[in-house]
Amino acid sequence: MTTIIRGGTVVNADRAFRADVLCYGDKIVAVGTNLDAPASATVIDAGGQYVMPGGIDPHTHMNLPFMGTVTADDFFTGTAAGLAGGTTTIIDFVIPSPQQSLLEAYRTWRGWAQKAAGDYSFHVAITWWADSVHEEMGTLVRNHGVNSFKHFMAYKNAIMADDETLVKSFRRSLELGAIPTVHAENGELVYQLQQDLLKQGLTGPSSHPLSRPPAVEAEAANRAIAIANVLNTPLYIVHVSCKESLDAITRARAGGQRVYGEALAGHLIIDDSVYQNPDFDFAAGHVMSPPFRGKEHQTALWHGLQGGNLHTTATDHCTFCAEQKAAGRNDFSKIPNGCGGVEDRMAVIWDAGVNSGRLTPSEFVRVTSANAAQIFNIYPRKGVIAVGSDADIVVWDPEASRTISAKTQFAKGGFNVFEGRTVRGIPSATLAAGKLAFHKGELMAKEGAGRHVDRPAFTPVSAR
Ligand code: URP
Ligand code: ZN
Ligand code: ZN
Ligand code: ZN
């Protein structure tokens, strides 16, 4: 199976250059000008277009059982939607219930992911602590291609990790050559603020952001950074949504700490006015944590990406339909938290980032694939157009445009936080493991075609 992409401009994180790209099987086998290809090869004309590494979304939740329900997108529909938008790899989350075996949960998620159409990998959440958790973290790293562990500092009475769990798990991660990651929000404060608001009769979605102000996020970001500093571990902070958290990362990095930050496409584009909409379905459709913020925070997040203190862009794709969101009609704290975006991330970041001059095309590649591949140790298999890399490629038409709508999206849930936004710069073709999965608006994603991506540990300090 040979494919040649002819006449485009290859964009990698380090440079852009005119070249053809030849793929054989699931790999890129040649990159250069005027390449020969067998007569039987599929030819993709990339004249006037960019040829970039397929997007890596390092933060999705497909098939997630959460807040009493299960997300609308499973691993097939979610990864297929990603392929339509130029994202060829997701890193999702295994989230064991407290007291549940990590390995048992890992096997459950691997089972659900069998139907994925694109490649996938897993962070594993540490939601409780015992000697058995310490042991199973080792097994996951050594035998199952896991090199990152997630800690929810929010969601009290559910999956929240307390400080003891954070400290023990960060220390264990370091020992194993894995990277700890955190959802930074002070779960105790969120819980108390929710109770205060409900007692005052403020039960609607407009209370959601009031229960999770920036200081609640910043406290947790600072605490996680302090713990990582004391233990000398690296740290990756997911969905950084506010200036105060970014400032904490910037300070830590200036002091020599290896702290990485992730920005969500939604947080970069959408502001908190959505929660004032009187239509419950609309406001609840935007309920996610951390919430959308005031415009000054979006400006700060763009500066973080431009200045190199934020490293990756993700979506936290976690879709619920209106009927599911309605569980919180009389109590905002019961609205299932989560929004979509895996289909739209690349285009909205190109449109708002590259078209505006905030990012160069190479910087776009850096924040949509290359940095995630490096931080989570799958580079150069992913995140670069180079000989030997996976043939995960997006052919990007910078002049074509699309108006985003839930009516025309492939993702489930019937809602889109980017509804009505017209973006210029969209994929004309997506190649996943050498196979054409999306071409000129047509989705050819195949259930089960995705593969689990093992992510090797970084060399443990003790082994150096
Ligand atoms: O609201 C969100 N973000 N839902 C998904 C779970 C999480 O916190 O990432
Ligand atoms: Zn395995
Ligand atoms: Zn989160
Ligand atoms: Zn999440």
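Cβ atoms here come from the backbone N, Cα and C positions, even for glycine.
Confidence annotation: the domain 'Amidohydrolase-related' (50-417) carries a mean pLDDT of 98 in the model. What TrEMBL records for 50-417 is domain 'Amidohydrolase-related'.
As annotated by TrEMBL, N6-carboxylysine applies to K150. For the recorded site, K150 (N6-carboxylysine), the DSSP three-state label reads strand.
A sphere of 10 angstroms centred on the C-beta of K150 (N6-carboxylysine) encloses 23 other C-beta atoms.
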